[in-house]
């Protein structure tokens, strides 16, 4: 009593306290960062190593395995995967959430150093690492195009000037430059001309290397001067290499231009990048795992004018893709939904109270509670994201509940003629414990979420804390500001209501009277109600088992990512054509705004595409519908597949795959894995629950296998090293010399001119100079035949691995796909030597599925304990919790009706319903107990009176919560796929709960009261109407 009086009789202090809460919230709001979702990125580090010319199998055994053994000893590594292709190895380390990325990076460097002695001596450089996840979609893609500069020159500007500067921006983890390679002088040799002149490829290589050197020459001094010695020992352009003398034949000089075509070109001609229909260089920017995407993008944009000034005016620097606009639009949609929810909730209060003065009170209490929450969010290091703003949207219905309960009870006393200040004090005292019980039990629902580990726990923690803080502030406001405003603003007389609102008042009275009559009938047919209650419990179990489930709703971020997978023996020229064909098909779609793509590098048969869709208000289809439409058109392209998926804000794991979900096959027997992977992949491709099934196992690449006749080689005076050197010189794009420039270093690349290597007959033109100086054709001592060879070798841990990726067809859920895969594996009879398990997001889904029921049970148990402590009773908490089954049925039926799978967002809705619907029972039970203790009423009379007395606040609080969630259901635009499942769950649960709990709660109350009397051996009371 004294606590409430302190605030009611000191209005100035109470107002200033509320102003202080509001000001702190405004300051917190201004300092909060903006993000699509809470920070849930796993710390990921990528280790790269290269050994030019080495086969994938050689890279896997000699480079990947030693590094894996050393890196695998690092503490906190949750997953280690590697992929080895021609000349390169990439190892992805995913760490536990609580592992500091900088500390992990130091451990990675130490592990690389420890493995250095086990690595091949021919590696051109030590392995390097980057603190970025290569499987993440870029947060921004910049393109460089020009009608004046070549692709190599553009690449030079990008890699030398732009990429280093952008990498230094806070939040940037990696800048990957694609579409070409650095400028180089390329020497394309003519095999026939070399043969005619008696010059070997090694002779050419040695001559070029000796002609381009950079060594210190020293200095000259006399008594007073010093001269630095400088020579023309470096050749920098193709024109300078053209007249280079490489050999003398019969006294005549053989110049490089006589046996080769020398051009200013690029290091690797097997690279191509495009934006829309124009050749381009791509800068793909990824953020650090812990970085904020909006802040990072804003920092990059602020730097762009300065970057533009560092490159020539003839180069066009454009933003081809930016992830931030859809994120900002999504948050704006949530903010609008929040405002609409507040307005609707206040409208509900006005309709029920039919008083402008009374409506002002919750209209003040709600903003104070919500705005004050921002201060706590800032102190907790949270951000303004879809989940935290949804928490505040839902909180509008909660925070007004407390004010409604207090306000309605005070208004009831005023209508009975009590003076305002006395009514405020008395009314608050009567419901103070009720409000405390409702708020604390609601906060208790989220305690299990705070203790939940892994990605789901990290994802839901911000939502739970934000909502809990809003409820606690609301509790404080409802017991201080609300009664003070009631005492000083409301009048003792019955409020005059407008004529147009009288109809609503009469309707409410009629509803209350009808409810009273129906409740009397129900209390005389309690067994029927008990059967209904048991039926809802059984229906809950059946619906939960049968409803489709997924991890997280599929988002429409306005960005698609595509992976091209072509025939494993495809040439680069053909692959570049496939890239152009696919880009044209996508560019012609009316929903597409921009397309960028690239191909080449160590995997010639693959490529990547990034598609920016038009804003949501300019297209009628969702991202998934656009993918479905494009899939039909893309399937007509022969010899290659383009797999599209919508970029998501949550992507787990470091595997680069062509689809959203992964299923990994592991084996210590590589032959068994290669035997069973095609069988499993083909089986999964037939399943209607899966789409875009593909695999990263590529072991059918075309290979030309040369077999040396060592006896013949010995007789001809040729060794294996000379033969291998010949092949490397001819076909390996061998970097034979370095050109030093002030800003960068460039290579001289030697190979047989591509004009002479268009078919296998090119091998017949190759020759080796033996130890007697004679030219010996390769065909004299070697035979060759085509064979198959892997294009890549993949590991997980230290086991051979193959990852099958898949998307979900429209109308199918991840639980459908998971069950179908499990059935297929059983039907195939896969041996125990090949192990299958879900990976990435699918793995987290499996783990979440196993913990969902436990989480719900834990939440219910926590609420029971809190209520038991508050009521000092084992029985009354059970009465209150009996409201939950009907809410669960309503929520699950609503999800089924809207064809929405049960996701992590829907789970949040279920947890919220546990907190919401029990409020009705708390109000009933509190007043029933009070009537029994002080009114000398029987249990049936007490609960009947409590139900009628609390009918109006129950309807008000339920409708406030329902109208607070309704905008989430009806909202469209960016991010609606996240908001709608939450709104559907809450609205469905509230509607069903409101229909049933008004009747089931009184029946359960009487049942437990009889049970209590029976066990306490007290005389059974007679129930009367």
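Here the Cβ of each residue, glycine as well, is placed from N, Cα and C on the backbone.
Features as listed in Swiss-Prot:
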type	residues	note
TRANSMEM	3-23	transmembrane segment
TRANSMEM	333-353	transmembrane segment
TRANSMEM	360-380	transmembrane segment
TRANSMEM	387-407	transmembrane segment
TRANSMEM	431-451	transmembrane segment
TRANSMEM	463-483	transmembrane segment
TRANSMEM	528-548	transmembrane segment
TRANSMEM	853-873	transmembrane segment
TRANSMEM	875-895	transmembrane segment
TRANSMEM	897-917	transmembrane segment
TRANSMEM	953-973	transmembrane segment
TRANSMEM	984-1004	transmembrane segment
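If one looks beyond the transmembrane segment (953-973) by at least 6 residues along the same chain, the residues whose Cβ comes under 8 Å of a Cβ in the stretch are 329-330, 333, 336-337, 340-341, 344-345, 347-349, 352, 390, 393-398, 400-401, 404-405, 408-409, 508, 511, 616-617, 916, 919-920, 923-924, 979-980, 982-984, 986-987, 990-991, 993-994, 998.
The recorded stretches the transmembrane segment (528-548) and the transmembrane segment (3-23) do not share 3+ CB pairs below 8 A when only pairs 6 or more apart in sequence are counted, and are therefore not in contact. By the Cβ criterion (distance under 8 Å, sequence gap of 6 or more), the transmembrane segment (360-380) is counted as touching the transmembrane segment (3-23), at least 3 such pairs being found. Looking at 333-353, 463-483, 853-873, 984-1004, the range that has the most CB pairs within less than 8 A of the transmembrane segment (3-23) turns out to be 463-483. Residues 359, 362-363, 366-367, 370, 386, 389-390, 392-393, 396-397, 400, 404, 407-408, 411, 495, 501, 504, 508, 952, 955-956, 959-960, 963-968, 971, 973-976, 979 of the same chain, all 6+ positions outside the transmembrane segment (333-353), place their C-beta atoms under 8 angstroms from a C-beta of that stretch. Beyond the ends of the transmembrane segment (984-1004), by six or more residues, the same chain brings 394, 515, 518-519, 522-523, 526, 529-530, 532-533, 536, 878-880, 882-883, 886-895, 897-898, 900, 905-906, 908-910, 912-913, 916-917, 920-921, 924-925, 943-944, 947, 951, 954, 958, 961-962, 965-966, 968-969 to within a C-beta distance below 8 angstroms of the stretch. Remote same-chain partners of the transmembrane segment (853-873), defined as residues 6 or more beyond its termini with a Cβ less than 8 Å from a stretch Cβ, comprise 433, 436-437, 440-441, 444-449, 452, 544, 880-881, 884, 907, 910-911, 914-915, 918, 925.
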